[in-house]
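Peer 1: Pasting a structure below so you can have a look.
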Amino acid sequence: MTETGSSLMSDKTPDPSVAAFKEQQDRYRDTVFLPRTGFPMRGGLPKREPETLARWAATGLDEKIREAGKGRPVFTLHDGPPYANGHIHIGHALNKVMKDVINRAHRMSGYEVRYLPGWDCHGLPIEWRIEEQYRKAGKDKDQVPLLQFRAECRQYAAQWVQKQAEDFKRIGVQAEWANRYVTMDFSSEAKIVDEIGKFLLNGSLYRGLRPVMWSPVEKTALAEAEIEYHDIDSTTIFVAFPIIKDPTPAHALNGVSAVIWTTTPWTIPANRALAYGPDITYVVLRVDETNENSVVPQGAKLLVAEDRVDAFCTETGITAHHILYTLPGNGLEGAVCAHPLRGRGYEYDVPMLPGDFVTTDAGTGLVHMAPSHGQDDFMLCRQYGIEVPELVQDDGRYAPWVPHLAGIHVFKAADPVCDLLTEARQSAEHDDAPATGLMARGTVRHSYPHSWRSKAPIIFRATPQWFIAMDGETKLREKSLSALDNVTFVPEAARRRLTSMIEQRPDWCISRQRAWGVPIAVFVEKRTGEVLRDAAVMQRIVEAFREKGADIWYEADPSLFLGEGRNPADYEQVFDIVDVWFESGSTHRFDLGQEGLNFPADLYLEGSDQHRGWFQSSLLESVGTMGVAPYKALVTNGFVMDEQGRKMSKSLGNVVAPSDVTESLGADILRLWVLNSDTNEDLRIGQDILKQQGELYRRLRNTLRWLLGALDGFTPEEAVSYADLPPLEQYILHRLTELRGLIASAVETHQWVGVYPALHGFCTTDLSAFYFDIRKDAIYCDAPSDPTRRAARTVLDALHRALCTWLAPVLVFTAEEAWQARFGEDDSVHLAQFFEPEAEWNDPELGNRWEDIRAYRRLITTELETARRDGTIGSSLEASVTLPLSQEEAGIFGGLDWAELLITSHAETELLPGDTAHGGPQVERAPGHKCARCWKVLPEVGENTEHPALCRRCIDVVSA
């Protein structure tokens with residue numbers, strides 16, 4: 001009991017002193033049924049949770065759960081493999097907790113849940129780590145035998161698979177750990193190469209020269225998902241290309257130079273065309289005056305888009321000009337320019353070509369085309385049969401055959417390229433020729449792609465690579481988009497993101513020029529350059545990989561794979577490795593559809609970056625080889641930021657490691673943070689936020705603790721049937737049906753945002769601040785056989801079972817502790833099903849009435865608080881309340897025990913005549929004396945000579 005206050009004694013009894021009243025309290029203390037439980041107030045989670053994990057392992061809980069699930073409908077969440085490199089970070093924890101909650105909720109909803117954790121073990125990050133070790137030891141990677149290097153990569157990945165598994169277990173993740181998959185297992189490598197073979201045999205796989213994202217530092221192609229963007233300062237240049245072929249009837253382009261703007265001066269040597277917009281209006285302007293900083297020749301005639309004239313003149317220092325001609329974009333068809341470095345080793349004609357990608361948002365409305373270094377450039381030049389030069393080597397330096405620039409790194413080429421263009425301009429001026437070369441130079445700060453591993457900027461570079469065709473006969477793009485029509489997205493907005501990426505993506509470059517991975521195990525006939533498409537050869541490769549692993553490709557004689565009748569000398573054996581996104585995109589082949597796992601999987605759940613990564617690669621592979629999407633539903637979670645909304649980084653000192661949280665607060669706090677967040681959006685975490693979660697946890701724990709204490713000694717025989725329950729108890733049971741509906745909807749839709757905040761609100765607002773407060777008097781002070789007390793404890797039993805099972809998917813350790821505190825350690829809440837309210841408990845009409853009652857109660861408690869502040873009463877139990885009710889209000893609020901609901905000693909209603917103004921509730925000091933046992937103030941206290949300090953109810957209880 002929380003209320004205190006001085007008592008008022010009758011005229012028959014002298015006013016006792018405070019000490020005397022306390023003596024009376026002590027006399028009856030043992031007759032009050034106060035909560036008793038061994039469930040501690042403090043969780044002590046950092047110490048208790050590892051002990052619970054050890055007990056689960058010792059008792060074989062995971063095996064018991066698997067056994068209990070057999071024969072039920074199967075639910076399969078296919079795990080997106082994290083990279084086996086370093087301890088888990090907060091993003092891993094977020095994702096795995098979300099998966100674990102969904103899995104546990106399905107298990108407790110009657111499903112057999114199959115969840116096999118996986119790891120991505122190949123690729124550049126692990127190579128990078130081993131190379132770092134070599135550099136520290138003064139070793140050169142190229143001097144280490146390839147198979148030794150691969151073995152060290154394998155060992156490194158294996159140790160992190162084990163460490164990460166322990167990290168995930170520590171945060172309460174339940175999975176078939178002994179049945180996990182890793183992409184470097186021999187069986188996995190065989191299935192990956194089998195997937196490659198399927199694309200080979202259906203004609204989708206081809207080798208071609210195309211621009212790809214290339215990391216000069218790592219000397220390999222990169223996938224879009226391996227790219228991150230950072231702001232950098234780049235040199236910008238305006239370059240004039242003299243027009244040498246004028247197709248216009250009026251000779252409007254005679255002596256004119258077309259001007260382009262670029263942020264990549266290093267690509268000028270690779271220029272082979274200019275692009276114009278067919279629907280853009282262009283002008284020929286004559287330069288009349290320039291400022292002192294401009295290098296644009298006066299009198300020059302320049303071609304730019306009409307919409308860009310003002311900006312162009314400002315940026316190049318042209319202060320006066322006049323327009324000579326205006327012409328439509330399609331009027332430029334057939335025009336040809338000279339390369340601005342003609343006469344310096346670049347003897348190329350530069351045709352002007354129509355491009356629908358050209359805009360007037362920036363630059364001049366004309367775009368320089370370097371087909372080796374841009375996707376639009378490549379596609380347009382290929383359409384017109386223009387060569388794709390190879391001028392940049394894999395380390396980012398110009399090749400030896402590049403005039404004037406050989407050996408220079410492209411990121412250091414701005415000055416030398418500008419020097420060459422300046423010489424070209426000066427030569428043209430000297431010869432009185434059309435403007436040529438550098439017209440202006442500047443800088444721009446913009447977002448630029450970098451390798452996520454090396455953090456170094458990347459380039460677009462045309463190299464021979466292996467691709468999977470998105471279009472053509474297999475119609476992979478079309479089929480993939482169609483397959484998504486049958487997929488559920490959470491949130492739904494993610495559908496457009498994935499479909500737009502597939503609509504716009506180029507052919508899939510799956511080759512990498514690295515050592516640690518699954519090789520693209522194919523052969524190319526040297527004479528024809530054609531790839532060998534032979535099912536028998538492919539089958540031999542798959543079987544060899546299954547038995548010996550991918551290393552066999554590097555060890556065995558090619559004849560092992562080619563078989564009899566083919567001379568290995570006639571074939572090129574390909575040693576490029578496959579993109580790790582192709583590997584992880586193959587994982588549906590590892591387990592789904594076999595061993596009782598569903599295919600397609602019921603659910604894939606990953607971060608929003610996986611629309612361009614695993615979600616997409618998995619879809620393309622599954623559709624490409626099996627004709628269907630590998631998933632029925634896709635759930636996306638946001639990224640984790642710090643409390644200020646900043647990205648986490650060591651340099652900012654704002655990194656929150658899961659291990660730090662579990663060691664200081666406990667895994668249940670971390671898990672509660674996940675489910676109290678809007679996981680559809682980016683989340684925030686930090687010390688203050690975790691402190692808030694700790695406070696929310698404390699309230700939930702206190703609710704469970706009070707329930708356990710109040711249920712001390714409860715037996716099924718004490719329970720009361722629903723029909724015999726008071727309306728208040730029936731209302732609380734109705735609220736359980738509402739919450740169960742919320743959970744059932746979350747299980748069905750995979751949308752858990754808001755569910756656990758609703759449960760927390762129920763515990764704090766409906767229970768602790770309302771129902772528990774009202775029923776403490778009955779539970780503490782009524783006789784054990786009293787109908788109200790029995791009814792309340794009947795509901796408390798349902799509340800305990802409901803809250804333990806409903807909280808179990810999130811508070812996996814605390815729910816177990818609260819369950820076993822009542823039912824013993826031989827039982828586990830994780831073997832139970834969700835508590836199911838009875839159908840008759842669902843009473844919306846009753847629920848609506850009690851919402852009105854609670855709203856009216858809040859108005860009255862406000863008046864009680866006012867009376868307490870002004871000294872009329874000390875606590876609510878010292879109050880007597882009169883509630884004037886209109887006829888309409890009486891229909892809702894009449895017939896209730898308002899003293900019970902308001903926790904006052906007396907309350908009565910007063911029916912007002914129809915035309916009487918409503919004066920509001922009246923609060924007075926209750927007449928009588930304070931009962932030493934229940935603390936109610938009642939006139940009857942003092943009537944009994946044997947128990948003069950008790951009320952009649954308490955006398956009956958202590959006398960029984």
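Note: Cβ is positioned from N, Cα and C throughout, glycine not excepted.
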Peer 1: From the ranges 82-92, 137-147, 709-719, grab the one Swiss-Prot calls motif ''HIGH' region'.
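Peer 2: Result: 82-92 is the stretch Swiss-Prot calls motif ''HIGH' region'.
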Peer 1: With Swiss-Prot as the source, which of 472-476, 647-651, 662-666 is set down as motif ''KMSKS' region'?
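Peer 2: It is 647-651 that Swiss-Prot annotates as motif ''KMSKS' region'.
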Peer 1: Quick one: Cα separation, Lys650 (ATP binding site) versus Glu606 (L-isoleucyl-5'-AMP binding site), in Å?
Peer 2: 24
Peer 1: When DSSP states are grouped into helix, strand and coil, how many residues of the motif ''KMSKS' region' (647-651) land in each?
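Peer 2: So the counts come to 0 helix, 1 strand, 4 coil.
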Peer 1: Work through the binding-site residues one by one (Cys931, Cys934, Cys954) and name whichever has its CA nearest to the CA of Glu606 (L-isoleucyl-5'-AMP binding site).
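Peer 2: Comparing Cα positions, the candidate nearest Glu606 (L-isoleucyl-5'-AMP binding site) turns out to be Cys934.
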Peer 1: How would DSSP class Glu606 (L-isoleucyl-5'-AMP binding site) in three states?
Peer 2: strand
Peer 1: Could you give me three numbers for the motif ''HIGH' region' (82-92), the DSSP helix, strand and coil residue counts?
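Peer 2: When I sort the residues of the motif ''HIGH' region' (82-92) into the three classes, I find 3 helix, 1 strand, 7 coil.
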Peer 1: Quick one: give me the count of other CB atoms within 10 A of the CB of Glu606 (L-isoleucyl-5'-AMP binding site).
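Peer 2: Taking every protein chain into account, the count is 22.
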Peer 1: Highest CB neighbour count within 10 A among the binding-site residues Cys934, Cys951?
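Peer 2: Per the Cβ count within 10 Å, the most buried is Cys951.
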Peer 1: Around the recorded Zn(2+) site, report the further residues of that chain (criterion: Cβ within 8 Å of the mean position of the Cβ atoms of Cys931, Cys934, Cys951, Cys954; site residues excluded), sequence-ordered.
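Peer 2: Filtered neighbour residues, in order: Cys781, Ala932, Arg933, Trp935, Lys936, Leu938, Val941, Leu950, Arg952, Arg953, Ile955.
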Peer 1: Say we define neighbours as other CB atoms within 10 Å of the CB. Which of the binding-site residues Cys931, Cys954 has the fewest?
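Peer 2: Checked Cys931, Cys954; of these binding-site residues, fewest Cβ neighbours within 10 Å: Cys954.
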